[in-house]
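Trainee: Sharing a structure with you now.
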Amino acid sequence: MGSLPPSLDLPSPNAKSQQIDQTTLLNLFKSQQNHLNYFFQNLDLSQTLTFTQTLLHCNGTIFFSGVGKSGFVANKISQTLISLGIRAGFLSPLDALHGDIGALSASDILVLFSKSGNTEELLRLVPCAKAKGAYLVSVTSVEGNALTAVCDLNVRLPLERELCPFDLAPVTSTAIQMVFGDTVAIALMGARNLSKEEYAANHPAGRIGKSLIFKVKDVMKKQNELPICKEGDLIMDQLVELTSKGCGCLLVIDEEHHLIGTFTDGDLRRTLKASGEAIFKLTVGEMCNR
């Protein structure tokens, strides 16, 4: 095999051309704000209401699909609905044509996200989804696109232009897709009267879930996990028990396993400072907090 080519000494980029100032950045944020305001001011609320009610009354699963950046947004919105206890999922248009469309049924809704509405992968998916009997919804921004002609319901997301100076990079279109999808999700949450407790049940590892679901008995140490000792045990003999259980203290018990008191890491340090070598002869019961 030949050796790797020597590293090329590329000319260093012009540092001045890579700089950006606060005014330029602020103007970009203001421009994006104006583009988003255009969306809010021109969104057809009757279309959006019909779309939301359609999802609300779905008897099956609400599937979302998209390609590229729109696919990421579609996947995120499906995950938001799942976290709210709504049956939803993401259907990759490519994988769908290789078996995953088997998850689709006549009681399901398939929402297709596409800025242009002319995405080939989605257009190839449409006849297959129709053959399964699913209800198809397009969510697009460009008027007069191919998806609107073949779907059962169409929602247009007004797009003034992309923030990208070339009007190409999908940075504004994906932002309004996300705002639209998440707002509809919260509307569904309210319509279904989802309680805080129900929401927490879907997030057992989160802060809300832990505070509302888990009880002391679910997280407490039990039996052999407890750092226990008898009051007649020597302090120095219990150092391993004190440190290995990760509680920062010993639970001092009697013969019936009733709690007598505690002996903490801090008690050990204070006893060592006050007693010196005499600590080797002291029992836990002599120094514990009863």
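Placement of Cβ uses the backbone N, Cα and C atoms for every residue, glycine included.
Per TrEMBL, the features are:
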- 51-194: domain 'SIS' (DOMAIN)
- 220-279: domain 'CBS' (DOMAIN)
- Lys69: site 'Catalytically relevant' (SITE)
- Glu121: site 'Catalytically relevant' (SITE)
- Glu162: site 'Catalytically relevant' (SITE)
- His203: site 'Catalytically relevant' (SITE)
Trainee: Note down the number of other Cβ atoms within 10 Å of the Cβ of His203 (site 'Catalytically relevant'), including every protein chain shown.
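Mentor: Around His203 (site 'Catalytically relevant'), other Cβ atoms within 10 Å: 14.
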Trainee: Compare the C-alpha of His203 (site 'Catalytically relevant') with the C-alpha of each of the recorded sites Lys69, Glu121, Glu162, and give the closest one.
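Mentor: Ranked by Cα distance from His203 (site 'Catalytically relevant'), first place goes to Lys69.
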Trainee: Taking just the CA atoms, what is the gap between Lys69 (site 'Catalytically relevant') and Glu121 (site 'Catalytically relevant') in Å?
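Mentor: Computed Cα spacing between Lys69 (site 'Catalytically relevant') and Glu121 (site 'Catalytically relevant') is 14 Å.
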Trainee: Once the chains shown are all counted, how many other Cβ atoms turn up within 10 Å of the Cβ of Glu121 (site 'Catalytically relevant')?
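Mentor: Around the Cβ of Glu121 (site 'Catalytically relevant'), 18 other Cβ atoms lie within 10 Å.
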Trainee: For the C-alpha pair, I'd like the distance in angstrom between Glu121 (site 'Catalytically relevant') and Glu162 (site 'Catalytically relevant'), rounded off.
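Mentor: Pair distance, Cα basis, whole Å: 23 Å.
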